[in-house]
Amino acid sequence: MEMHNLTRLPEFILLGLSSRPEDQKPLFALFLIMYLVTLMGNLLIILVIRSDSQLQNPMYFFLSILSFADICYATVIVPKMLVNFLSDTKTIFYAECLTQMYFFLVFGNMDSYLLAAMAIDRYVAICNPFHYVTVMNHKRCMLLVVFSIAFSCLHSLLHVLMVNRLTFCASNVIHHFFCDVNPVLKLACSSTSVNEVVAMTEGLASVMAPFACIIISYLRILIAVLNIPSAAGKRKAFSTCSSHLTVVTLFYGSISYVYFQPLSKYTVKDRIATIIYTVLTSMLNPFIYSLRNKDMKRGLLKLISRIKSEMDRLSTTTINKIHGP
């Protein structure tokens with residue numbers, strides 16, 4: 001469990017959510033179910049949007065990319081968790097740990113910037129509806145997505161390279177269920193002051209920039225909605241934003257609790273909060289967007305009807321082949 005006088009540990013040990021043997025199988029079952037629901041729910045969202053011509057607009061385009069990012073986000077973390085729940089060693093190689101950290105940061109930041117892009121989309125739709133088609137055209141939407149991906153990749157690379165320059169010569173036990181930045185930094189025996197300064201400046205700016213964009217967008221939306229004379233009009237405007245606001249609250253609320261504090265105060269409670277924005281939010285997104293959205297419900301019913309019709313056709317064809325003409 002302990003390694004001394006090494007500048008580069010060959011592997012780390014992920015302590016996980018619990019060290020008690022009797023907890024491992026129940027946790028495995030719980031997170032396996034959550035992961036499968038995440039995969040199926042987000043894949044279903046993507047299929048519904050891609051198959052329905054009436055959902056081919058910027059809001060649902062961003063939602064489909066967000067669903068894809070959520071699938072990747074959960075896949076970076078959960079499969080390794082599941083393996084460790086049933087393993088006695090719970091090890092992760094150094095290079096594997098940095099790779100997991102990199103992609104975790106990539107898809108986490110992508111989620112953040114996509115939520116900001118969706119807020120901009122809602123702002124234009126409500127505050128400038130007559131120019132919505134020209135302002136939120138396909139080219140601009142693609143540029144927003146490309147920027148989200150490019151910035152996320154560069155941001156993540158910076159933090160991983162800075163972790164890689166550290167010296168690890170004490171414990172190799174990570175008190176977390178994956179290779180997050182803060183738990184890994186706590187194992188370093190060289191100074192992490194530069195890492196902490198970068199995290200509290202560049203890292204804070206990269207998180208707060210999309211969050212500020214969301215806040216400004218919704219303040220403008222609120223002012224516009226309050227000027228709508230009819231109560232029905234106000235309800236309709238708010239209903240188009242409710243799902244997005246729910247996801248933003250879950251995502252940024254848990255991130256703020258975990259990361260906007262000194263490294264020395266990072267405790268076991270942060271592991272629980274991390275589950276909210278890594279696993280739980282990714283799993284709940286399809287339900288939040290589909291159950292509270294009439295267009296998504298209609299698209300889902302159309303997709304189910306189309307699949308059922310195709311299955312009936314195949315079944316009829318198979319029966320005719322068996323019985324002959």
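Here the Cβ of each residue, glycine as well, is placed from N, Cα and C on the backbone.
If you look up TrEMBL, you'll see 41-289 marked as domain 'G-protein coupled receptors family 1 profile'.
Annotated transmembrane segment per TrEMBL: 27-49 (among others), in sequence order. If one looks beyond the transmembrane segment (27-49) by at least 6 residues along the same chain, the residues whose Cβ comes under 8 Å of a Cβ in the stretch are 16-18, 55-56, 60-61, 63-64, 67-68, 70-71, 74, 78-79, 81-82, 85-86, 279-280, 282-283, 285-287, 289-290, 296, 299-300, 303.
Residues 14, 16, 28, 31-32, 34-35, 38-39, 42-43, 45-46, 49-50, 92, 100, 103-104, 107-108, 110-111, 114-115, 117-118, 121, 141, 144-145, 177-178, 278-279, 281-283, 285-286, 289 of the same chain lie 6 or more positions beyond the ends of the transmembrane segment (61-82) yet place their CB under 8 Å from a CB of it. Annotated transmembrane segment per TrEMBL: 61-82 (among others), in sequence order.
What TrEMBL records for 102-120 (among others) is transmembrane segment.
Feature annotation from TrEMBL assigns transmembrane segment to 141-162 (among others).
According to TrEMBL, the transmembrane segment annotation covers 204-226 (among others).
Under the heading transmembrane segment, TrEMBL lists 238-260 (among others).
Summarising the annotation, TrEMBL assigns transmembrane segment to 272-291 (among others).
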Could you pull out which residues elsewhere in the chain have a CB under 8 Å from any CB of the transmembrane segment (204-226), counting only those six or more residues past its ends? 109, 112-113, 115-116, 119-120, 122-123, 126-127, 151, 155, 234, 237-238, 241, 245, 248, 252, 255, 259-260
